[in-house]
Amino acid sequence: MGSPQGRIPELRKDSVTNRWVIFSPARAKRPSDFKSKSPTTTQTQQQQDCPFCLGHEHQCAPEIFRVPPSSGPHWKIRVIENLYPALSRTLADPSAQYPILNPNPNPNPNPNPNPGSGVKVLGGFGFHDVVIETPVHSVQLSDLSPQEVGEVLLAYKKRIEQLSTHDSIKFVQVFKNHGASAGASMSHSHSQIIALPVVPANVSARLDSMNGFFHETGKCSICEVGVEDLLIDESTHFFAIVPFAATFPFEIWIIPRHHSSHFHELDGAKIIPQLTVVAGFEIGTGCHINPVFPEDAAKVLREVQNSE
């Protein structure tokens, strides 16, 4: 098999749970400026060592684009390749190996360890990018103006549109880990984009549920979400609620008022703050225990909104 450092990433499908898992040895090599900080580390020292800061662009993986496009050294946002990607954009496109990823493949191909029950192993083809949201180390996303936050969302939109041109890409996830406890390895404000050649099982389940609701009622389950006691805030184009069966405390959905199927058709997102630890029961069953009722969470969030 070779050393872990020399192995390429793989996607493996669990036939019991129907879930795809990414195996990526490169992720173990990630540095962490959270772990290396001492009580005496100053903001200046952190900035001098940070590859995401203005003037340190040469320390990063290749740039995909920046905002503004022709800003020279004075950029506001940079979208770059992840230096320690979970997936590799240089591997063979799996659609060439498996033109149709269906439950009844040709019984002879390898490396399928269980012919007749679907593709079980794919080379780890995909894209893993980083969106550096500001050139200033001490500035967080929450410090940006509404217009600047909008520019970050538009950068997501642009990159998703680029990734969607690849026929083999079936799902794109934008996510942000804020702080070491949430999984961030760098304190400089950034988010990430991963594009997969498969649709994750929980996403498929959500789509199947919405399809079932539509066939029963002729309506979209998101468009029909009730907002009575769950509404946090609203605007001309969006409204924010705590979902009726929220998985996590203070989970928020930001929903467009006008029906749309894709993030890159809008500038909206879904936000899930991780305030609790996902433990054995949740991992084993997929059934989450939430200590805060959604109506109570919505009330607290409304009060926070009104106090600002």
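A Cβ is built for glycine as well, from the same backbone N, Cα and C atoms used for every other residue.
Please treat TrEMBL annotations as automatic predictions, because they have not gone through curation.
Look at TrEMBL and you will find 9-200 tagged as domain 'Galactose-1-phosphate uridyl transferase N-terminal'. Under the heading region 'Disordered', TrEMBL lists 22-45, 96-116. Look at TrEMBL and you will find CYS50, CYS53, HIS137, HIS188 tagged as Zn(2+) binding site. Per TrEMBL, the feature compositional bias 'Pro residues' maps to 102-114. Under the heading active site, tele-UMP-histidine intermediate, TrEMBL lists HIS190.
If you count neighbouring Cβ atoms within 10 Å for each of the binding-site residues CYS50, CYS53, the highest count belongs to CYS53. Cα of CYS53 (Zn(2+) binding site) to Cα of HIS190 (active site, tele-UMP-histidine intermediate): a distance of 11 Å. Cβ neighbour count for HIS190 (active site, tele-UMP-histidine intermediate): 22 (other Cβ atoms within 10 Å of its Cβ, all protein chains included).
Summarising the environment of HIS188 (Zn(2+) binding site), the number of other Cβ atoms within 10 Å of its Cβ, over all protein chains shown, is 23.
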